[in-house]
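Record features, source Swiss-Prot:
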CARBOHYD  N137  N-linked glycosylation site
CARBOHYD  N147  N-linked glycosylation site
CARBOHYD  N152  N-linked glycosylation site
TRANSMEM  26-42  transmembrane segment
Amino acid sequence: MDNTHLIESSLRHQFLTMFRTDNAFIDGILTVMIISLLSYIVKQFSDLPSVIGNIYNKIMIKIRLFFRPKSADKISKTTIIESLSEDKKPNELYTAVYWFLTTNIDLTVDSNVKMSFTKKIELDEYKELKDKNINKNMSYGTKKIFNYTHNNMTFEIEYFFATNLVSVYTDKKRDKENHIIYLTTLIDPNIRFDVFEEFTKMCMREYAKSLVDKKWVQKIFTNNNGRWTETVFITDVNLNSYFA
């Protein structure tokens, strides 16, 4: 049962009795004012529980949203590229990706770097090294991060190198070292392409281009006032036109 009307009637009776002046004109004005004021006050108090309830519900919704487990916006994706395929044959994809990572990633400030030079160390006619390209590679197990962009989306890819031994059966069983590249990144679950497939294709293209750029060059050397100078005589690019 709604007690609002009973409360309003009781308060109106008490206020009219309290402020009665026995002057009909003044009492009439006071009655109108008191009734209007009490109606407004009682209405506000009757609406108060619903107002408080609405505020409480909104606060609780905010609290539940804040403390509920966050759904992951992105998922972790990992791929493994081994130097030996499943049938124990050389994996050319590994060669391309390894070339890209060791050629195009800056190792200048890395704390763990392996250095090697596998060619014969020789001097040229100017007493300078013929080949100054020292191989610099990451130490196995050391993680490194680089950014890869595809379709205007940038991915932060973490990678590291590792090895294991696999058994190869020919005329007899032999253990062979298998080199591994681990690649990991975070992707949007709604992504419409395979980021690692696109990345490895890019590595293959760049690796193939690097092989094409290694042109055969024939040089002639001329002694000019005691100093030898070299001139490119023939490259493989114009061999056909040269002998045509």
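Including glycine, each Cβ sits where the backbone N, Cα and C put it.
All features noted in Swiss-Prot, drawn onto the structure.
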residue: N137; record: N-linked glycosylation site; DSSP (3 states): strand
residue: N147; record: N-linked glycosylation site; DSSP (3 states): strand
residue: N152; record: N-linked glycosylation site; DSSP (3 states): coil
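Counting neighbouring Cβ atoms within 10 Å of each of the glycosylation sites (N147, N152), the lowest count belongs to N152.
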